[in-house]
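Annotated in TrEMBL:
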DOMAIN    4-312  domain 'DUS-like FMN-binding'
SITE      R35  site 'Interacts with tRNA'
BINDING   Q68, K139, H168, N199, G200, E201, G223, R224  FMN binding site
SITE      N95  site 'Interacts with tRNA'
ACT_SITE  C98  active site, proton donor
SITE      Y176  site 'Interacts with tRNA'
SITE      R276  site 'Interacts with tRNA'
SITE      K278  site 'Interacts with tRNA'
SITE      Y283  site 'Interacts with tRNA'
SITE      K299  site 'Interacts with tRNA'
Amino acid sequence: MKLILAPMEGVVDFKMRELLSDLGGFDLCVTEFIRVVDLTLPRRVFMRYCPELLNGGYTRSGTPVRIQLLGQVPHVLAANARKAVKLGSHGVDLNFGCPAKTVNKSKGGAVLLKEPEQIYQIIKSVRDAVPEEHVVSAKIRLGFDDDANSTEIVDAVQSAGASSLAIHARTKRDGYKPPAYWEKIPPLLSRLSIPVVANGEIWQVEDAVRCQQQSQCQDLMLGRGALATPDLAAKIKAHMQGTNYTALTWQEVVYHIVHSSMHQDENVSEKYFSSRTKQWLGYLKLQYPEAHGLFDEIKRLKAKSDVVDVLEKYAKSPSLDSNHNI
């Protein structure tokens, strides 16, 4: 099986990809989407979204990274896809699943699920532009308001030449409300010969097992669950492989936050540091009760040094004799 870190806009940036991939379990990371309108973007934009390009397209721990593009003009997306792989991206992913209203109003993301023919034209243009040895993947939802045209969507993806497909098992209307309808993937799977990745509501190892069973997909994409449990991918991999794994304690999670590049990099602004730390604690509170107390202590703090002082009070270095996969 393969585990992929989902492209969460405004959350899973370079520093978060670095931290989560360091903890093990992930086979691939996908960047936040790069919005493409009518121009071929300059190199600096690709580097800003994917600094891993300077490392051959890999995270510090050696996990490959794939750039995701979002847009609606086939030939413009094709030109940017060609540039992305030339710069070192491990393939290109195309976003047809973003539910944000601002994105959909400009004919990007999930709104394209209403137009399978447009999806076909985009993927075909990108596939024709990108050398055959590079993956062209797509990420979709089951549909926009409902899943009535889901078969048309997946047929368009495959016939256009996509290498693989990730399916978020909800519609745009569903947003991120539980449940994820994993059981709606198998009828689509039966129409496809390309690899399919299941996505949505995987918070625990048990969810991963049920998702595989109900979706009939071996490969999974983790999003919010990986933010709430940073070593979730490692835990899932260990379970599937039948190997021992000692989960991170709360103190060890905080240790990794403190010692991540987000907190060690002197160039990180006070605002970025403070807001990202609080944002992540919002996810951690879903799985670690101790995160509530830490969040309460730092929620009004603005100075980086003050936040770090509180974090270090909670932090504990991982034990050298435990079986952490880091």
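Cβ coordinates are placed from backbone N, Cα and C, and glycine is handled just like the others.
Annotated features, which come from TrEMBL, shown on the structure.
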residue: R35; record: site 'Interacts with tRNA'; DSSP (3 states): strand
residue: N95; record: site 'Interacts with tRNA'; DSSP (3 states): strand
residue: K139; record: FMN binding site; DSSP (3 states): strand
residue: Y176; record: site 'Interacts with tRNA'; DSSP (3 states): coil
residue: G200; record: FMN binding site; DSSP (3 states): coil
residue: G223; record: FMN binding site; DSSP (3 states): coil
residue: K278; record: site 'Interacts with tRNA'; DSSP (3 states): helix
residue: Y283; record: site 'Interacts with tRNA'; DSSP (3 states): helix
- request: Looking only at C-alpha atoms, tell me how far N95 (site 'Interacts with tRNA') is from R224 (FMN binding site), rounded to the nearest Å.
  value: 18
- line: Three-class DSSP assignment, K299 (site 'Interacts with tRNA'), comes back as coil
Task: Determine the mean pLDDT over the domain 'DUS-like FMN-binding' (4-312), rounding to the nearest whole number.
output: 96
Field: E201 (FMN binding site), number of other Cβ atoms within 10 Å
entry: 22
- prompt: Of the recorded positions listed here (R35, C98, K278, Y283, K299), which is spatially closest to R224 (FMN binding site) when Cα positions are compared?
  reply: Y283
Statement: The binding-site residues listed are Q68, N199, E201; by CA-CA distance, the one closest to Y176 (site 'Interacts with tRNA') is E201
Task: Please tell me which one of the binding-site residues listed here (H168, N199, G223) sits closest to Y283 (site 'Interacts with tRNA'), measuring Cα to Cα?
output: G223
Message: Under 8 Å between C-beta atoms and at least six apart in sequence, can you list the same-chain neighbours of G200 (FMN binding site), or say none if there are none?
response: H168, A169, R170, A180, Y181, W182, C211, G223
Message: What whole-number Å value do you get for the CA-CA distance of R276 (site 'Interacts with tRNA') and the residue listed as 'active site, proton donor'?
response: 21
